[in-house]
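To keep things clear, I will list the structure first and then write my remarks on it.
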Amino acid sequence: MKTYFPALTGVRAVAAYMVVLVHFASVEASPTLPFFKMWVVQYLSQFGLGVVIFFVLSGFLITIRYAEGLELSWAWFRRYLQNRFARIYPIYFLLTAFTFGIMLLRPTHGWWEWTAAYSGPEKAAAVFLNLTLLRAYFGQFATLGVPTAWSLTVEETFYLCAPLLLLGFRRRPRGLVLVPVALLALGLALMAFCTRELPYYGLMQDARFVLGTTFFGRSAEFVWGMALGLWVVRQPRPLARRGHYTLLGAAGILLYMLATAIINHQCPTCFDSTGPDWYLVEMLAGSVVLPVFVCSLLWGLISEQTWLRWVLETKLLSLLGRASYVLYLLHLGTVDYLFRVYVSSNSLVCLLAYTLISIGLYQVVERPLQRWLRARPAVASAHA
């Protein structure tokens, strides 16, 4: 069956730019801004939900591409892991090596770098956990190095679990509901064990960390995408005449962000340690409510002919979508710091420059390395 949907590559671009904009918006001092601009910044600060879109989309694409051809053999699993490795690791490794090189030779003293207080073993642990993508299980190292790459630990864990999840879901689809609950319970149990028996470097340090930064707390987002993928695999997909699902999904996402912006504006301490602990409610809504709208949008974009689908399928959005992974990794941290100090601190200039750099790195580095490292015969011909 068809496994590549051009509009979803455009969605990847939109999600990446959402994350970029939320980080750029954080440099504004919103309390001192004029009313309208303050609300623009407040709304942009909710664009971090682009990570949820990434996770739901990842669950969907992995299911679409591997659900029917899944085999219980080491050869299949090796090819699968090799293709996943080729997808996420090469450009991550290069940017991580660059970041640690600057950290060692000419530190910027940014919050993403280790401090002078770090011991030799701590530095060795930081390097090891970054190279193995285990960093985001440790609070001390989750954002050390390439800051946004914490999400790659979540992705890596999902990739390892996905074949087993697909096997289980094919036999018992109703298990979709129970898996996120079971994984969250397992994560909290590991948290209780690690904080007591292995209190090193913030390993599974607390419930907030488990919910927001680990696969155990974010698994529902992937499972929603997998559920949509299994549903799509089992039925024909005639093009609908009207864009009901597209409209519902897009409007739902925009209204969800508006609601969270209003809550954060009216109660700025609700989601931090100084006020009422609404974090559990926020994470529950982000894992249960928001993915419903994301799934509706994804289904609409592959089954309905709408102007939004047309825009997302353009060559420009396709190119930006393919280069979005590089943009997501480099827009925050060492590269951003060096560019703002030595070239320009204007966010619009940064956005344009990072876009061009990302496209260049995708064309010259990422795509050739992917082709070289992918397993032969390739499991899937589309970009995941």
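The backbone N, Cα and C atoms fix where each Cβ goes, glycine too.
Unlike curated entries, TrEMBL annotations are predicted automatically.
The annotation transmembrane segment is assigned in TrEMBL to 7-27, 47-67, 88-105, 149-169, 176-195, 215-233, 245-263, 283-302, 323-339, 345-365. The annotation domain 'Acyltransferase 3' is assigned in TrEMBL to 7-359.
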Six or more residues out from either end of the transmembrane segment (176-195), which same-chain residues have a Cβ under 8 Å from its Cβ atoms?
165, 168-169, 203-207, 209-211, 214-217, 219-220, 223, 226-227, 230, 287
Residues of the same chain, at least six outside the transmembrane segment (245-263), with any C-beta under 8 angstroms of its C-beta?
39, 42-43, 45-47, 49, 53, 270, 282, 285, 289-290, 292-301, 303-304, 306, 308-309
Might you confirm whether the transmembrane segment (323-339) is in contact with the transmembrane segment (88-105), defined here as three or more C-beta pairs under 8 A between residues 6 or more apart in sequence?
yes
Under an 8 Å Cβ to Cβ limit, what residues of the same chain, 6 or more beyond the ends of the transmembrane segment (149-169), are close to it?
51, 54-55, 58-59, 62-63, 66-67, 70, 72, 77, 80-81, 84, 88, 92, 96, 130, 133-137, 142-143, 175-176, 179, 213-215, 218-219, 222-223, 226, 230, 329
Name the range, of those listed as 215-233, 323-339, 345-365, that has the largest tally of Cβ pairs under 8 Å with the transmembrane segment (7-27).
323-339
Take the domain 'Acyltransferase 3' (7-359) and average the pLDDT across it for me.
90
Taking the transmembrane segment (323-339) as the first stretch and the transmembrane segment (215-233) as the second, find out whether 3 or more Cβ pairs fall under 8 Å, excluding pairs closer than 6 in sequence.
no
